[in-house]
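These notes are about the structure you will find just below.
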Amino acid sequence: MTDRYLKNNPTKNTALWLSLLVIATSLVACQNNSALGVVSNYHWNKHGLVTNNNKLNYHSRSINKITIHHTATQNKIGESDLERLRSARRYHMQDRGWGDIAYHYLIASDGTIYQGRSADFVGGSSTDYGTDNNLLIAMIGNFEVENPSYQALESLKNLVANRALHYRINPANISTHRHHASTLCPGVRLQHWFDRVGENEILHKLQEKTSLF
Ligand SMILES: [Zn+2]
């Protein structure tokens, strides 16, 4: 994947990226969750099932990649994103038997970012791909049949760039679930956005944030 990435994007030079990271490193502390207005799981999940830490595993090393998903739950009129979020968590814990919701962050159609499973732990997945040391970000919706909203995409770009800076992730390691496994996730419309413009827009967002320092 790195070869393809560098071949198609000569400006995405790893050495350049690493030097930008060095510049940004000392000031990365301000790139935290609160700067993004992330809704903590404590707030949205107050009355939900208790996380089962016994079923969760710590990453073997620090996070070094980001994978984008969708929840595959279609946004319906009359049901809020928060309700969809809560039912996704119940489904993952009760039906899949996982210790917590699969994803570390989830983004609603209004652009709100919700904290999911603690980033200390490996995310959940029903397909076989490397979830260890991987930050899983899911867009709430089914993008096989609907388009991601402008606000949700803006939040996705901000969040991915923010976390990539925080964990010093090489942009070549930012991808979608479909890049790694036989799955429809994150839905053809979100995948199309990522391939057509999203990947580059995330990189620009990263450069923008880095140049602030
Ligand atoms: Zn997925």
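Cβ coordinates are placed from backbone N, Cα and C, and glycine is handled just like the others.
TrEMBL has this to say about the protein:
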SIGNAL    1-29  signal peptide
DOMAIN    36-181  domain 'Peptidoglycan recognition protein family'
DOMAIN    53-187  domain 'N-acetylmuramoyl-L-alanine amidase'
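For the domain 'N-acetylmuramoyl-L-alanine amidase' (53-187), the DSSP counts in helix, strand and coil order read 42 helix, 23 strand, 70 coil. Per-residue pLDDT, averaged over the domain 'Peptidoglycan recognition protein family' (36-181), rounds to 93.
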